[in-house]
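*Asks:* The structure that follows is given in the form of structure tokens.
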Amino acid sequence: MDDAPVEEPDKMEVDVQEEEEEVDPLDAFMSELAESAPPKKMVGAKFSRTKQQQPEALFGDEHDVGMTAVGDGDADDFLAIANKAKKKKDIPAVNHQKVEYEAFRKKFYTEPSDLAQMSDEEAASLRLELDGIKVRGVDVPKPVQKWSQCGLGVQTLDVIDKLGYEKTTSIQAQAIPAIMSGRDVIGVAKTGSGKTIAFLIPMFRHIKDQRPLDNMEGPVGLIMTPTRELATQIHKDCKPFLKALNLRAVCAYGGAPIKDQIADLKRGAEIVVCTPGRMIDLLAANAGRVTNLRRVTYVVLDEADRMFDMGFEPQVMKIMGNIRPDRQTVLFSATFPRNMEALARKTLTKPIEIVVGGKSVVAPEITQIVEVRNDDQKFVRLLELLGNLYSSDENEDARSLIFVDRQEAADTLLRELMRKGYPCMSIHGGKDQIDRDSTIEDFKAGIFPVLIATSVAARGLDVKQLKLVVNYDAPNHLEDYVHRAGRTGRAGNTGTAVTFLTEDQERYSVDIAKALKQSGQKVPEPVQKLVDAFLEKVKAGKEKASASGFGGKGLERLDQERDAARMRERRTYKTGEEGEDDEEKEEKNEQAEERFNKAISSVQSAAATTSASLPGVPKGIDLDGKITVHKTEKDPNSTSKNPLDKVGSAVADIHARLSRAGVMRSGVPIDNRGPDAGAFHATLEINDFPQKARWAVTNRTNVAKILEATGTSITTKGSFYATGKEPGPGENPKLYILVEGETELAVTNAMRELMRLLKEGTIAAADSDARAPVGGRYNVV
């Protein structure tokens, strides 16, 4: 500022002629440019002021001109900045008309003379013999009867011979000639019928016909699956052929280090087996320089019903939109609900539909047993089933798979079986991918004979020695039941699937009875009674018929996450959109109450144990008693600035606190205004409970589950005081939990779940104390 020239025309004493002579030509030229240049505008700000009201930068410099003004911008600008900062990985859409793709050949199949001479009636009779194959489409090739009719190379036939595949299965007999004819195919067949080989063998022929990959070129064949386990299973099935055909394959799925998968892709691979989410990550990595889809001409969607579940559809369609339109697409699954077919046809061109053995059917080699039992009878019956299986010498190497519906149930059942002497392991979505992979490998190798799993393992798990599948918790729809039961009785082997139903699971009995009828097995009388009772309720309007398929799982979760993110943005940036109509609020509250009721239905059905009889529960606290939820008083500072109003509110607050039962205590009074203070709150003192019980309600995993189920805010407050010690005046109150929520129901449900955890923790602490040795084994005399 000191160096700036001060212009005062009335006191100018400089010789003008002399100044003009001293002006440098370059300075004169630059000043002319400055005069002719238009004034610069502020970027990104939206001002509603007049020209005279524009603010001036008193201490600015020339570099500040292009900076974004945020002080007076709209709230949308804030949201745009926030969204830009947290922008997710995405892949840009491809304009296929502007891309020159290489020509490629789809049709490799030439009909053998013995099949060409076969009449349509003979072909229909052959399809009937091959498990009743049904085909739909134009110019469907006739099914082959042996591998030599498929037109395969010598190397491929040698590998097939070494693997011991003597003849084609039903789905292979019809699907291989259809795919090798260059047609898009929808294949629906029972589990364990050889669907994987049916799409792999044509893919190898398809890839070998094209030129080798150049440096930094993407794959030719792309196989997408819904689960990590299925991806690794398909990749394993590829390996015998890869060495013989000099091809490379990469298995890409979430949960494994992405850097290893990037390194494999950069080395080049003709085949990629992947899950949709990880494939999008790889396509977006390094600005798209890791891999691309320009060379992809053969696409497989395995387990297509789950791939087009509403949670997967956007990812699948995004990837499919980046692949050339004239690709060959193949869809395979054990089930294919009617409502999914319209979605599948978006990605296929004039497809041939092949159905083997009827849709959603359990293989006839599997003996299905359905029993109606109480929860307390299930475990005893499970021990009986396992005992009968392993008592025989011929089943010494047999495997058993037990399905439950929740991660906690898997871990609990694992502990109970281990106590009874059965070596077993559990697998569910809460475990790391490395643990899941090693557990499956150990199970296949026979290191332990019993595996407890959620439905995450229900697809693609192929174990030859698997003799028994037990649905400890009943599957909630037909397709899930078919896939669970289909883990046994694979490749012509026999197996048994036992399902436990409880009296309150009438809804699930309908689909299970349907599966029994479709596979030609008799429906037990107790199960039929449950079916009839449920159908009567449906007719009376008390119940709603359950829909088939996996629909609705993914979309509801995505909507909840989106709504939660939007609400966080509104609170942070104060967009002014908080004012909603009363009708919308009521509708949201009703939906929230429905979700809360579903989330804690399992808690309400748990066996009640009186907390008064439990050792370790502090006196005066009843974990089974009525839960008191208080309405949160508004902060008077936020509503009025009048001193008299503040004093009146403070007095009312003191009276309210003094009149509240259980709050009269030494130390600082309990604070009911947490970081996410809602309309209702409740407190639960945990200071005097055993350490195990306190840990159960404060560890991050348990709290996160309650937050997700109820939508409340849970905060641990106060300080821990040893037994017999009380907080003094001015000190923090005893350790307690503050639960806050928008509805009274949400807070009540969260409190009930916390009390359940406290009770279980107290019981566990009492058990461990009882088991602890009183003294050493020896006495010193």
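Just so it is clear, glycine is given a Cβ too, placed from its N, Cα and C backbone atoms.
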*Asks:* Motif 'Q motif' per TrEMBL sits at which of 145-173, 203-231, 638-666, 696-724?
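*Replies:* It is 145-173 that TrEMBL annotates as motif 'Q motif'.
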*Asks:* If you check TrEMBL, which stretch out of 1-22, 45-66, 111-132, 419-440 is marked region 'Disordered'?
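*Replies:* It is 1-22 that TrEMBL annotates as region 'Disordered'.
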*Asks:* DSSP-wise, what's the residue breakdown of the domain 'DEAD-box RNA helicase Q' (145-173) into helix, strand and coil?
*Replies:* 18 helix, 0 strand, 11 coil
*Asks:* Can you tell me the mean pLDDT for the domain 'DEAD-box RNA helicase Q' (145-173)?
*Replies:* 90
